[in-house]
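A quick write-up on the structure given underneath.
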Ligand SMILES: *Cc1c(COP(=O)(O)O)cnc(C)c1O
């Protein structure tokens, strides 16, 4: 066998499908959509999205027009595809051509959609986002009030969805959650007459689903939990693990006490030990912040990362690990049974989302089928 890559990323599509079904069960009567932006959080939209659809998903969320066009090619016609980042300038013809649904985030976007969002004479559906406390995207309270005061403004195109987004849903105790929910409800209440009957409402991301049924409304939009990240940090993870990232040992050397390791010589071996060099680095999404911080596992044995992570390589101290396990060509777990993406993120001072979306195109990707 030719070793073309120095790392193997295994993605368990059956676990993705099971996570989808678990979330769908949890929200009961509401629909469960899926956020597959950023190439399904780095896991591969072409592989992941069809599995979600087969598991029952009918509503997909991406960020950009390009992502939406590509997802439409993957899924074919049928599922609704929402563009979370709004209506890009000049994007209406492509959006309509691919039957995508923009999430309109401002009065100018709404006006532009009223003007250009038609197929022939027929207005095409769009969603509207209301900002309830992130100051990121979506209509402010005043813009929303102005819009509903303006008579039939919510009836000039089919309103496919009204969405809000939680800022602190991964902190169940945060008062922001209740405050945002109360504000969102108030926005919907004052729009009761202006909103076409039956307009679907969406509020919860992954963590929002776990805040309780008050947060579910008609359609949830989980991403992270589908891919195995813990929606309730600090509590046991209810989701199935999806990823295994294994790096290959390229070289092993015995070193004396006092030997420096890596760029900047930031680690010096205190005792005689063995150092193994693994063929992945920060260009693969194994962040440089893991220098002298994280660890990898060989079976059940933990091997600390020593010295700086370089672009294509990192070093581990394997002095305590049975030599038989530490051979060139052997695989070590960077993400695996003993260390989740969330664990690795914590060691790197970041969140699991960033670990996933930084996963390298350089890895050999192996997809375990959904069944
Ligand atoms: C990314 C995103 C989601 C999905 O969030 P997760 O925390 O990954 O479940 C839902 N809604 C919006 C607006 C998003 O940007």
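Every residue, even glycine, has its Cβ placed from backbone N, Cα and C.
Small disclaimer: the values here were computed from a predicted structure and weren't measured.
Feature list (source: TrEMBL):
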- 37: active site, proton acceptor (ACT_SITE)
- 37: N6-(pyridoxal phosphate)lysine (MOD_RES)
- 136, 311: substrate binding site (BINDING)
- 242-368: domain 'Alanine racemase C-terminal' (DOMAIN)
- 263: active site, proton acceptor (ACT_SITE)
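Shown on the structure are the features that TrEMBL records.
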| residue | record | DSSP class |
| --- | --- | --- |
| 37 | active site, proton acceptor | helix |
| 136 | substrate binding site | coil |
| 263 | active site, proton acceptor | helix |
| 311 | substrate binding site | coil |
Packing count at residue 263 (active site, proton acceptor) (other Cβ atoms within 10 Å of its Cβ):
14
Average pLDDT across the domain 'Alanine racemase C-terminal' (242-368), rounded to a whole number:
96
List the Cα distance (Å, whole number) between residue 37 (active site, proton acceptor) and residue 311 (substrate binding site).
26
Count the other Cβ atoms sitting within 10 Å of the Cβ of residue 37 (active site, proton acceptor), across every protein chain shown.
22
At the Cα level, what's the spacing in Å between residue 263 (active site, proton acceptor) and residue 136 (substrate binding site), rounded?
39
Name the residues of the same chain, 6+ apart in sequence, whose Cβ is under 8 Å from the Cβ of residue 136 (substrate binding site)?
165
By DSSP, how many residues in the domain 'Alanine racemase C-terminal' (242-368) are helix, how many strand, and how many coil?
26 helix, 49 strand, 52 coil
Around the C-beta of residue 311 (substrate binding site), how many further C-beta atoms are within 10 angstroms, looking at every protein chain?
12
